[in-house]
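*Asks:* Structure incoming, see below.
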Amino acid sequence: MFLANPCKLSRSTHFLLSIRSFSPANVLSRPCKSLYEMFEPSGYTDSISRIKKALHPNVWSESVEMELDSLNIDLNTYVLNQVLKSLSNSDVAYHLYWWAESKPNFHHNHFTTKSVISLLTKEQNLGLLTEFFRRRKIGSGYQFHHSVYRYFISGYVRAGLISLAIEAFEELLGSDWGIVSVDYNRFMGVLIKNCSFHLLEVYYDTLSRYGFCLTAFTYSRWISGLCEAKRGELVEKLLEDMDKISLFPDIWACNIYMDYLCKSNSMNEALHFLQSMVKKGTDPDLVTYTTVIDGLCNIKRFTDAVHLYDEMIQRGFIPDIVNCGALVFGLCNNGKVEIAYELLMEMLKLGVKPTVPIYNALISGFWKMDQIDKAQIIISFMQRNGCKPDIVTYNILLNHYCDKGMLDKAEALIRKMEMCGVHPDGHSYNQLLKGLCKANQVDKAFAFLSDHMEVGGFCDVVSCNILIDAFCKSRKVQAAYRLFKEMSYKGIRPDSVTYSTMIKGFFTVGHYTLAEELFDEMPKKGLTPSINLYNIMMHHLCKEGQYNQTQKLFSDMIARGISPDLVSYNTLMNGFRFHNKSNESLALYKEMRERGVMPDELTFRFLIDGLLRDGKSKVAYEIWEHMMENGITLHKEVSERLVKAINLENK
């Protein structure tokens, strides 16, 4: 299919750089073999041999050009093309081409031009290729053959020069050759590969009006590219256009689009598209079903996920580990362990062998539900079926023992792991450390960290944070601070949790100055305090009557991109009410609502109490009315004071 009326297309789209008119000179650029190309007379063989000999150094120079000029040969396109095809140096080929151009009555044809471009493209000689393209067009009215434009476009694409590839395509659009469907699809493929989505839409909208159609393959690549770039909003339009010409994406594109919909939580659209796939003849595969089942589990639509799994089985699919795992993990992570267990039984009947991670998900789920017997049954079952428990399995058991205070069993399990070749990792040791601290065995925990974990290289920032927190809760803040100081010597960098724990510990025992010093040190260490730590600091400053410092800290928190929460606002209001700052409290009340933080009973109690202390009973009454509209009851003592104040004012 050739492009109708290319001049009209040029004016309407502004794509074309120039349009060459057809002339007799251009006839020579057509791919027609001459008689002397069909038969090679001996005279031509001699001419070819003599030119090759003159080019023997394989480097172009003035002396080479002079020797060529001195040859008394019959130069024609056949002779020249045979020489060009024999060359391995694109620079020599380029200069030979233009040397021949300068000879009287010599006109290049499609074959000589194609040979030069082929060599320039093969050697990625992009500088000369671009110069050749521009020089060939200027002044002579020469028009490249259709296949030559393809060489230009492919060469530029391989070199990543997309703008030049676009220029060559536009030249082809304006040539006498026009474009055919294969050119259009190839070019759109180039734009897809380079994520030139704006240009894709421009060319697509324009050329579609002239009857050009993309193939199902090109549409599929475009849909895939849009989804991978998270620009799926155009996919629906492309699907509608495909439907008009009875096309549908291939399974690869369908699965990528399905993944995009599921990750966007557009599960209704995903289920609708799944049905479309069945109707349009692109049958879903295991990847399709796995993607949708996983997406349904992520938004807790477990009934739909199980129904889809059953549908998959009914359609004759044999589930694999990935497919079953998606459903088992989703169910177990959301407390639907019994359903997951039933699914495991079905898997076994279908001949699917569960992996250790699938067993681990079930074991963890049953532990969390305190169904210890079932967890133990799963462990025994997996061992009988040739699945050895891994480090994750043991850590699940260890976590359970430590949470339940079964430290003897936890320590025995650690010893068993060390003996049977399943080496405990940092998580294993930290779980035991946490269990010891939870049982108030802080000294034993410290000894375990020093004598066992440090020696094995398992002491990390998490280990130190666990022990520092335990020391602080036991009011052994000095011991916590010593460990904090020792962390740098151990090559462990304290994090925000470490600082927060120490600051709270210092506040607990009244070491306010040290707490403030540590808080001020955090930004210098590149650490940002959490909202919880800001709230603790503001509470302390308000308690000390340092309201200016409190407001400064509040502003600093917002400047760092940390949004104040309900505790932040209540802390400030609680401080303001005792120091005649009801106007500031009102401003905070307005701000928190604008930020979407809903006031609670404490907010209204602090605000109304502050207004009453400042003698603003009318404003307090208006706030109380708003409070009642929101279904919140005012604190009894403040409510009685408000009634008295209103009654006094009305007398």
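Each Cβ is built from the backbone N, Cα and C atoms, and glycine gets one as well.
Okay, so TrEMBL annotates it like this:
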- 215-249: repeat 'PPR' (REPEAT)
- 250-284: repeat 'PPR' (REPEAT)
- 285-319: repeat 'PPR' (REPEAT)
- 320-354: repeat 'PPR' (REPEAT)
- 355-389: repeat 'PPR' (REPEAT)
- 390-424: repeat 'PPR' (REPEAT)
- 425-459: repeat 'PPR' (REPEAT)
- 460-494: repeat 'PPR' (REPEAT)
- 495-529: repeat 'PPR' (REPEAT)
- 530-564: repeat 'PPR' (REPEAT)
- 565-599: repeat 'PPR' (REPEAT)
- 600-634: repeat 'PPR' (REPEAT)
*Asks:* Residue list, the repeat 'PPR' (250-284) vs rest of chain: Cβ under 8 Å, 6 or more residues beyond ends.
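*Replies:* Same-chain contacts beyond the flanks: 216-217, 219-221, 223-224, 227-228, 230, 232, 235, 291-292, 294-296, 298-299, 301, 304.
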*Asks:* Are there residues at least six beyond either end of the repeat 'PPR' (285-319) with Cβ under 8 Å to its Cβ atoms? List them, or say none.
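*Replies:* Hits for the repeat 'PPR' (285-319): 251, 254-255, 258-259, 261-263, 265, 267, 270-271, 274, 277, 326-327, 329-331, 333-334, 336, 339, 343, 347, 350-352.
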*Asks:* Let me spell it out: take the repeat 'PPR' (320-354), skip the flanking residues so only those 6+ beyond its ends count, and list any with a Cβ under 8 Å from a Cβ in it.
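*Replies:* Result: 286, 289-290, 293-294, 296-298, 300, 302, 305-306, 309, 312-313, 361-362, 364-366, 368-369, 371, 374, 382, 385, 387.
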*Asks:* Residues of the same chain, at least six outside the repeat 'PPR' (425-459), with any C-beta under 8 angstroms of its C-beta?
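*Replies:* 391, 394-395, 398-399, 401-403, 405, 407, 410-411, 414, 417, 466-467, 469-471, 474, 476, 479, 490, 492.
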*Asks:* Mind checking how the repeat 'PPR' (390-424) divides into helix, strand and coil residues in DSSP?
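*Replies:* Reading the DSSP string over the repeat 'PPR' (390-424) gives 27 helix, 0 strand, 8 coil.
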*Asks:* Mean pLDDT for the repeat 'PPR' (460-494), rounded to an integer?
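*Replies:* Mean per-residue confidence for the repeat 'PPR' (460-494): 93 out of 100.
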*Asks:* Who are the long-range neighbours of the repeat 'PPR' (460-494) in its own chain, taking Cβ under 8 Å and residues 6 or more past its ends?
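*Replies:* Hits for the repeat 'PPR' (460-494): 426, 429-430, 433-434, 437, 440, 442, 445-446, 449, 453-454, 501-502, 504-506, 508-509, 511, 514, 525.
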*Asks:* Grab the same-chain neighbours of the repeat 'PPR' (530-564) for me: Cβ-Cβ under 8 Å, and only residues 6 or more beyond its ends, written as numbers and ranges.
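*Replies:* Residues packing against the repeat 'PPR' (530-564) from afar: 496, 499-500, 503-504, 507, 512, 515-516, 519, 571-572, 574-576, 579, 581, 584, 592, 595, 597.
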*Asks:* For the repeat 'PPR' (250-284), DSSP counts of helix, strand and coil?
*Replies:* 27 helix, 0 strand, 8 coil
*Asks:* Based on DSSP, tally up the residues of the repeat 'PPR' (530-564) by helix, strand and coil.
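*Replies:* Split into helix, strand and coil, the repeat 'PPR' (530-564) gives 26 helix, 0 strand, 9 coil.
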*Asks:* For the repeat 'PPR' (355-389), find every same-chain residue at least 6 residues outside the stretch whose CB is under 8 Å from a CB in it, and list them.
*Replies:* 321, 324-325, 328-329, 331-333, 335, 337, 340-341, 344, 396-397, 399-400, 422
*Asks:* In terms of Cβ proximity under 8 Å, which residues at least six beyond the ends of the repeat 'PPR' (215-249) contact it?
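*Replies:* Apart from its flanks, the repeat 'PPR' (215-249) reaches 181, 185, 188-189, 192-193, 195, 197, 200-201, 208, 256-257, 259-261, 264, 276-277, 280-282.
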*Asks:* For the repeat 'PPR' (565-599), what are the DSSP-based totals of helix, strand and coil residues?
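*Replies:* Per DSSP, the residues of the repeat 'PPR' (565-599) fall into 24 helix, 0 strand, 11 coil.
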